[in-house]
Amino acid sequence: MEDFVRQCFNPMIVELAEKAMKEYGEDPKIETNKFAAICTHLEVCFMYSDFHFIDERGESIIVESGDPNALLKHRFEIIEGRDRTMAWTVVNSICNTTGVEKPKFLPDLYDYRENRFIEIGVTRREVHIYYLEKANKIKSEKTHIHIFSFTGEEMATKADYTLDEESRARIKTRLFTIRQEMASRGLWDSFRQSERGEETIEERFEITGTMRRLADQSLPPNFSSLENFRAYVDGFEPNGCIEGKLSQMSKEVNARIEPFLKTTPRPLRLPDGPPCSQRSKFLLMDALKLSIEDPSHEGEGIPLYDAIKCMKTFFGWKEPNIVKPHEKGINLNYLLAWKQVLAELQDIENEEKIPKTKNMKKTSQLKWALGENMAPEKVDFEDCKDVGDLKQYDSDEPEPRSLASWIQSEFNKACELTDSSWIELDEIGEDVAPIEHIASMRRNYFTAEVSHCRATEYIMKGVYINTALLNASCAAMDDFQLIPMISKCRTKEGRRKTNLYGFIIKGRSHLRNDTDVVNYVSMEFSLTDPRLEPHKWEKYCVLEIGDMLLRTAIGQVSRPMFLYMRTNGTSKIKMKWGMEMRRCLLQSLQQIESMIEAESSVKEKDMTKEFFENKSETWPIGESPKGVEEGSIGKVCRTLLAKSVFNSLYASPQLEGFSAESRKLLLIVQALRDNLEPGTFDLGGLYEAIEECLINDPWVLLNASWFNSFLTHALK
């Protein structure tokens, strides 16, 4: 084959093909079929442009014998065959001078008469299959596709063949000749099959025995055998009308494919009702920390010791009182529980040696708060299977809730920078291979952008709380253990800092299954007055427990300090995921990496440095009612991280359903934006599936409202 290529093609074409293959690390001596294919493609591109000119009047003309005096301009710019850098330079300059949209992939030609890029394809298979592959790959309405086959067939975008009949006939004749020359040397079959990696094993592979029986059993209805089904699938023409095919497949299906136009989609309907309430496992933007810098006390690192040390930094404690009762709870019990914590911490200090853990006395208020003896008695199924009216509890439908503004504020806060660093460089893992110097560079840049982010604080807080709670649940199953909520960070000056957010008291925790629940009471410090947004704090009982002096621009001011208390519960599986919240860093890093990769493949060099250091460039972050929001690369990193963290903090079945179903609608809208003329059936059913997930979850409702903003802007 190699000899044939060198005899059959012009030496210039052969040289260009060798160069192209070497650029991709391929050897023309080994991959001879590929060598022949590249030469053929190059020759077709050159023949396409040969003899076609534009005269001084701008008309397209064909000139076969050169008149040296004519002022003629080549009609086609040849891009194929140039090295990649040069090719992109040509494409960029064409785009700059003509205003044509820049293609994502290098095209083969540019047509100055029709003002469009052309992608030429030469296939040994059926033209329409190859055409669809090309169209799917380049996904651009602007680039014109023209496919030729060795059998004389052709296919072009909108059946617009660009060239006159004669020029195309010349190309087809040449392809036919190449095919005959190959066939006469016994090279054609191997060449023809190499395009598809054809002759799949399956064709010669006999399925026998159990596999054969399973195959026959799992056929769709109305097919008697595997052969019968296979023949049907092979003959299934993809370009027929879909409705007909569907009815052919099953008598029950009658889908009408409706075109999806800019006017088709409507906004998602968000539920009405009282505003939604906070449901995270710990306070986010409203949390307050009692902190010690450069901790060096005895027992530093033992949570209880650290907590007592942090509590001692505050001098404004006062007699607690309830400022926002919990609607359904016995609020006095919350008050008594906090007083009990203060008293028992005081007792610890009076002991000679402070213990490492503290189990609370099982008082009536804690038993109430932790649901002790509240679980219905379990009865063996054998003893009750004869009971006639055995049934599951009736559970109430959840009450629909409307979107409240606090959840957007929470998200905005999560994207902000704090004045402390919450992760060290190695939180994302170490290098293990040489390729990873680029990876570590990206990781270090990314870490620098997110280490001070509030979402990162939430990650470390979540990891700490879940780890401590899971440990205590396994180690002290019957005890009401007091668990401090702690995090560690570094100040701007690099000093270590230990923070106390409040406490958790866990209930009995005999967790056999992943989903068995452990109850706990959380009590968290805050400066937020709950009376400002009472709907947000529906599930909480809030006490006022002290006054804090704050330094402000106008000097010291005293602010009331609140304690947010609620009963809550979690399970082994939820704690396991909570302990792995650092994965959010990895997920958002990967999203940023794919942005860098896209940029690098266009520029054909690694763009990591430019990506993070070009401070002037802005990137799309998301859609708001105002339009597409843009920001620095750091802001993009922090926003992606915050989204990932909120997906973890507010994980729920509603979120799972909304993400899966709304993604389908998103893909349809994106297809419309890319002018792919999408069609849909049962769009109403899709809307129903999305909207049945919009019930009362704040994070899901916020995502739905973002989705509506996206719809508005995408369809303008």
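A Cβ is built for glycine as well, from the same backbone N, Cα and C atoms used for every other residue.
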Same-site Mn(2+) 1 binder from HIS41, HIS52, HIS74, HIS297, given that Swiss-Prot records ASP108, GLU119, ILE120: HIS41
Motif 'Nuclear localization signal 1 (NLS1)' range according to Swiss-Prot, out of 124-139, 412-427, 668-683: 124-139
Coarse DSSP state, helix versus strand versus coil, of GLU119 (Mn(2+) 1 binding site): strand
Neighbours of HIS41, ASP108, GLU119, ILE120 excl. site residues, C-beta within 8 Å of centre, Mn(2+) 1: VAL44, CYS45, GLU80, PRO107, LEU109, ILE118, GLY121, VAL122, HIS146
Separation of alpha carbons, GLU80 (Mn(2+) 2 binding site) and GLU119 (Mn(2+) 1 binding site) (Å): 9
Structural state of HIS41 (Mn(2+) 1 binding site), classified by DSSP into three states: helix
The motif 'Nuclear localization signal 1 (NLS1)' (124-139), counted residue by residue under DSSP: helix, strand, coil: 12 helix, 0 strand, 4 coil
Residue among binding-site residues HIS41, ASP108, ILE120 with Cα closest to the Cα of GLU80 (Mn(2+) 2 binding site): ASP108
